[in-house]
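What follows is a single structure, written as structure tokens, with notes after it.
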Ligand code: BES
Ligand code: MG
Ligand code: ZN
């Protein structure tokens, strides 16, 4: 729990110092051994008997807004070494340098830094801390509290996404995923409608249906409606891949690649997290979340390489690889967004290609878009969120790579530029709608965390960037 109290005496205090800061209130021996470099700390008992953990920020010129979340997460994790409940966090150093929005970044640092997937280990207990922000004399308490609330709601959205992705496939079938999202909708005030396999078939979503019927756990189309800006005719669809289990189907993945199969609904989870945060913070926006949720498995009903299938848009697809299932279900979800939800803008987000990891690694997600204006808006949003993205080029030569001899389009290209051809497959279904495609296959999951605010496993990638697209406060 995070609250504010400038006067609360806590058992423990955390404070931040730049390298150039003179800590002349401390004894010389302490000053000498604490170098104040980024991510170093020194515990010290102050005169009034309060233990203080000083955390180095490194050189002032090298520190930036983007690092707040990281260093706060680092510092808060240090308390796990001690047996304490109440901690005060001196945020004055940040408030001196940055505007009040830094408070929500600090909150994200605290909450995401302490995040642990509850898991199923019956002997593990969850630590609870009371954290008091202090040193905000320069601002009024109410605005600080308001900012803490906003930040907490954003952090909860990220955590919601992480929890969904970390949940094993046997405990998160498409049906269970739909139930969990409906529960979230009730808490946050979002309308959630769930369509079953019969609706999917009767609406001619054959591409989605074909992948879904490979499993005994039937598919679900999960739709979240948050329409809270009557002054605008814009409706942005956030379309998130919700493959709760991707074995690859008949193009079975090698066992080494199976570890991440439960995480193939990272795009759908990000959509849920972003809409949760928007609703909790009462942001004025018209957003529809669309999550095609299904499994990709081997069974008597499974599709096989060489099959030609139809799609809701009426385009025929030659399936040459059953492991390229994400684009199939997203194609129909995008058509559904246009035809049934009247979307005027589309973002699709998916753990779509291993190729994006080869191209740009685990720190950066791939982007394709057909609209410079829309991308500019998204760029502003992701800069605020401090996530990293990189835009890929689109050329007609790339489009040629997914032309089929026997159908309108095929679901894989040659083994080059797989991220581009996957995105361009979806482009075939967006018509003239301004569209942004986010490939988060590299960023949604980390075996080795890159930042202090990540934990091994799901990262919640995409939540904050999509959130800030609609929360345009400076
Ligand atoms: N879900 C995977 C992509 C993926 C790979 C996500 C690694 C996270 C980590 C997707 O369905 C897939 O299997 N893609 C194939 C496409 C290929 C068959 C054209 C891939 O990237 O290998
Ligand atoms: Mg696959
Ligand atoms: Zn997949």
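All residue numbers here begin at 1 and follow the chain in the order shown.
Each Cβ is built from the backbone N, Cα and C atoms, and glycine gets one as well.
All TrEMBL annotations are machine predictions without curation.
Together with 323, 325, the Mn(2+) 1 site in TrEMBL holds one more listed residue from 246, 396, 400, 405, which is 246.
Residues 241, 246, 325 are recorded by TrEMBL as Mn(2+) 2 binders, and the candidate that the same record lists for that site, out of 264, 307, 348, is 264. Per DSSP, the domain 'Cytosol aminopeptidase' (321-328) is made up of 3 helix, 0 strand, 5 coil. Reduced to three states, the DSSP call for residue 253 (active site) is coil. Comparing the binding-site residues 246, 264, 323, 325 by how many other C-beta atoms lie within 10 angstroms of each C-beta, the top residue is 325.
Neighbour counts were taken as the number of other C-beta atoms within 10 angstroms of each residue's C-beta; across the recorded positions 241, 253, 327, the minimum falls on 253. Only 253, 323, from the recorded positions 253, 323, 327, place their Cα within 10 Å of the Cα belonging to residue 246 (Mn(2+) 2 binding site). The distance from the Cα of residue 323 (Mn(2+) 1 binding site) to the Cα of residue 253 (active site) comes to 8 Å. In the vicinity of ligand 2, defined as a Cβ distance under 6 Å, none of the recorded positions 241, 253, 327 are placed.
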